[in-house]
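This report concerns only the one structure given below.
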Amino acid sequence: MEKKTLKDVDVEDKQVLVRVDFNVPMENGEVTDDNRIRAALPTIEYLMEAEAKVILMAHLGRPGGEVKEELRLDPVAKELANLLNEEVVKVDETVGQEAKKAVSQLESGEALLLENTRFNPGEKKNDSEFAQKLSELADVYVNDAFGATHRAHASTAGVAEYVEEAVPGFLIQNEIKTMKGAIDNPERPFVAIIGGAKVSDKIEVIKSLLDKVDSLLIGGGMANTFIAAQDYEIGDSLVEEDKIDLAKELLELAEEKGVNLVLPEDVVIADDFAADAEHKAVGIDEIEAGWQALDIGPETVDEFSQIVKQAKTIVWNGPMGVFEMDAFAKGTNQLAEVLAKLEATTIIGGGDSAAAVRKAGLDKEMTHISTGGGASLQLWQGKPLPAVEVLDNK
Ligand code: ADP
Ligand code: MG
C-alpha cells in the first residue's frame, strides 16, 4: 500500500515530531562521522522552511533504558546546528515538564532536539505509555530514521498510533524507492556481494537473494565457514563451526536455483589478528595452521571484478576483509574501485561497508549508500519494515 508523504500534510505552525537516525560514531564527545546527520537535513530543512515547529528525537548507542552521560545528544545538536547554520535547542529529557516547556516555547521555523530516546526504559519495549507521552508533543509525526525502521520501538513505531498524522520523511522515502526498485525489478545481470564477519548475521538475506540474483559473491570472514564447508583447512581463521552444515546447504540451494555462487579461491592470511602481522596471499588449499584469513586474495579480486563488470545491478553488504587494517583492506578497496567505475546501479548497505567505501573516497561514485544496515538487509529480503508499516496510507 502506498504511504502518504511529508508533502501531503500541512505542517505550517504545527508541532512536528520527527524521529531521525543520529546514531553516529563519537570520540571524546565529538561526532566523528556526520553522514547520518547530513542524510536527515532535507527533511529538517524542508520543515523549517515550511514554518513547522520541528521537534527532533533520536537514539544514540545502547544506554539500556537509563541516563548515560556519555550518550547525551549535546554533541549531535551542536553538529546539527553547524550543518543547518541555525540554532538548535537541546533539551535534556525526552518527555516530561522540561520537554513540554521547551516545545511550547518553540517558534515556527525553529528546531529543537530532545534527549536520547533510549534513556527511557519504555523505548525499546515499545511501551504504550511512553509512546503516548511522545505523541503529546506532536500534531504530526514524521519518521525519517531509516536505520531504525526494522525495529518497532516507541519512538519509531508506537508513537504513530497516537498521532493524527504519521508520515515518512524524505530519507526513508528515498531509501525505500531506490533499494526496493533495484531489488524487485533489477536490470540484469543482478549480482550481490556479501561479506562481513559472520554468516549467522546474514543467513536470511543470503537465502532470499538466491531467489533473485544471477551471481552471489561471498567474501569476508563469513567466507571462511564456506571454505570449511568444502573441507579445506582454515587454520585460526574466524569460522562458525555450527554453521558449516548450513553453508553446505546454501551451496546446494544455489546450485538448485541456478545461481552462480562464487567463493574466494585465494585469501590473505596473517600470523596474527594485528595491523602489523606478517601476511601473504595463498590459495584456499594452502591455509597454514596458526594463520588466519583476513582478506580475499588478488585472484579472487580479479574473479569478482570480472563478474561485477558484466552486471547491471549490484548490491553489496559486508566488507571483503578486515578493512580497518590497511594490510587487509585491499580486497574491499579494489572491489569498491571497480564498482565506482561502472555505469551499473550500485547499492551499498551495511554500516561497515558504507564506512569502507567512504574511507576509500568512493562514496560519490555509487548509486546509493544506505544509512541503514539491518534495515537495508530487511528491505532486500522483501520483509516489511515495522516502523514504516505503521505510517498512514494514502
Ligand atoms: P556491515 O556493517 O557492512 O554489515 P559487518 O558488520 O557484517 O558489515 O562486518 C564487518 C566486520 O567484518 C568488519 O569489522 C571487518 O573487520 C570484519 N571482517 C571482515 N572480514 C573478516 C575476516 N576475514 N576475519 C575477521 N573479521 C572480518
Ligand atoms: Mg557492521
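Cβ atoms here come from the backbone N, Cα and C positions, even for glycine.
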Of E175, E233, E324, E389, residue recorded by TrEMBL at the ATP site of K202, G350, G351, D352, S353: E324
Rounded distance in angstrom between the Cα atoms of R151 ((2R)-3-phosphoglycerate binding site) and H59 (substrate binding site): 12
Neighbourhood of ligand 2 - binding-site residues from H59, E324, G351, D352 with Cβ under 6 Å: G351, D352
Filtered binding-site residues, from N23, R36, H59, R118, R151, K202, whose Cβ is under 6 Å from an atom of ligand 1: none
R36, G351, D352 filtered to the binding-site residues whose C-alpha is within 10 Å of N23 (substrate binding site): R36
Densest Cβ neighbourhood among D21, E324, D352 (binding-site residues), 10 Å radius: D21
